[in-house]
Amino acid sequence: MTLYHFVGIKGSGMSALAHILFDMGETVQGSDIEKEFFTEKSLREKGITILPFNQENIKEGMTIIAGNAFNDDHEEIVRAHELGLTVTRYHDFLGNFMSQYTSVAVTGSHGKTSTTGLLSHVMNGDKKTSYLIGDGTGMGMPGSEYFAFEACEYRRHFLSYSPDYAIITNIDFDHPDYFASMSDVFNAFQEMTKKVKKAIVACGDDENLRDIEADIPIYYYGFKEDNKVVAKNMKTTPQGTQFEVYIDGELFDTFVTPMYGDHQVLNALAVITICHLEGLDNAAVKHALSTFGGVKRRFSEKIQDEQILIDDYAHHPTEIKATLQSAHLKYPERKVIAIFQPHTFSRTSAFLEDFANSLKLADKVYLCDIFGSVREDSGELTIGDLQILIPGAELINESNVNLLKQYKDAVVIFMGAGDIQKIQVAYENLK
């Protein structure tokens with residue numbers, strides 16, 4: 001039996017893929033840095049071994065799956081090559097894996113993880129669907145007909161995939177350490193559409209997506225009347241958001257999602273469109289949509305005393321704005337307190353003023369030091385450069401989280417793609 005060894009198993013995509021292979025009966029282990037990540041708990045609960053990086057982890061007969069963050073000079077990858085083992089990059093392995101299913105890629109600059117989670121949940125309401133979500137969640141179901149997966153545009157990794165369908169949520173400038181400009185980002189998505197086999201489902205309210213050209217049908221969804229699939233008559237209730245869906249100008253049905261915010265309705269429209277194209281039972285789709293509980297680190301809520309604590313992955317100005325708007329919609333009577341940790345110096349520099357403007361939607365802002373990525377450990381920029389752009393913003397770390405106690409009955413949101421969770425944990429552990 002093949003033993004799959006994951007180099008960088010704690011990465012969100014890597015851990016999800018490890019779950020999938022394990023669920024399908026494969027033997028799986030992996031290695032990573034010793035720092036704790038939110039993906040670890042579920043891996044360990046399945047009995048999947050997680051080792052610290054060491055070339056001695058690599059043995060004869062293993063198949064190596066390497067995370068995209070680790071170069072060929074990594075000690076374990078070097079050792080694998082010395083032993084003549086097959087080393088496959090995450091995105092290449094995933095590209096080959098999906099060929100056995102009717103596959104749906106979910107991509108876009110924002111909203112990939114939430115939409116993939118929703119898609120997998122809703123499709124499973126009618127058809128067996130295996131899935132890989134960017135929150136570290138994955139499920140390999142024997143006998144699955146469908147495979148729903150998150151496809152990241154970073155470094156054009158999504159060009160390794162040839163899915164049957166693709167959902168594109170939006171196109172926005174991000175990853176300034178790789179993409180040179182907005183046109184560079186657009187060109188990457190344009191390249192990706194050429195790899196899709198059956199159809200593209202895209203947000204027609206996004207002007208950039210209207211410029212996409214494809215040799216297959218593009219089904220546009222959104223709030224504007226010129227889309228094929230349109231959401232109308234939205235109503236916000238304590239239970240979520242209700243909306244009507246029109247297809248080609250005709251009322252299709254009324255749906256309810258437990259989520260809040262325009263972006264959540266757009267995500268739902270994308271999923272409804274895919275299910276409609278594939279002929280899934282609409283009653284099952286409606287029920288599943290109404291029972292969606294969200295995904296990890298995307299508006300993940302818990303109650304502590306009188307406060308609502310929210311953990312969210314938002315790390316781009318567009319995402320921060322959407323998260324804060326959702327909080328105000330769901331809890332209109334409460335103050336919203338934002339604790340934000342910028343992720344990467346390059347992104348912070350590129351979007352400095354945009355970060356400041358989006359964070360101003362909060363009633364109070366606290367900032368953490370910038371979190372550098374594996375590829376970028378330092379920069380000339382400091383968190384003070386962002387702080388001065390936000391009136392009343394203060395700095396916070398694990399030693400002064402008691403500052404948050406003063407906001408009785410508030411919504412306290414911890415946002416970022418780094419290790420912002422350590423701030424929330426420190427706050428929750430206050431005596």
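Using the three backbone atoms N, Cα and C, a Cβ is placed for every residue, glycine included.
Sequence annotations record features per position, and here Swiss-Prot assigns ATP binding site to G108, S109, H110, G111, K112, T113, S114.
Listed binding-site residues: H110, K112; maximum Cβ neighbour count within 10 Å falls on K112. A simple Cβ count within 10 Å picks out one of the binding-site residues S109, T113, S114 as the most packed, and that one is S114.
Surrounding the centroid of the Cβ atoms of G108, S109, H110, G111, K112, T113, S114, where the record places ATP, the chain contributes additional residues within 8 Å, namely V106, T107, T115, T169, N170, E319. Other Cβ atoms within 10 Å of the Cβ of G111 (ATP binding site), summed over all protein chains shown, number 25.
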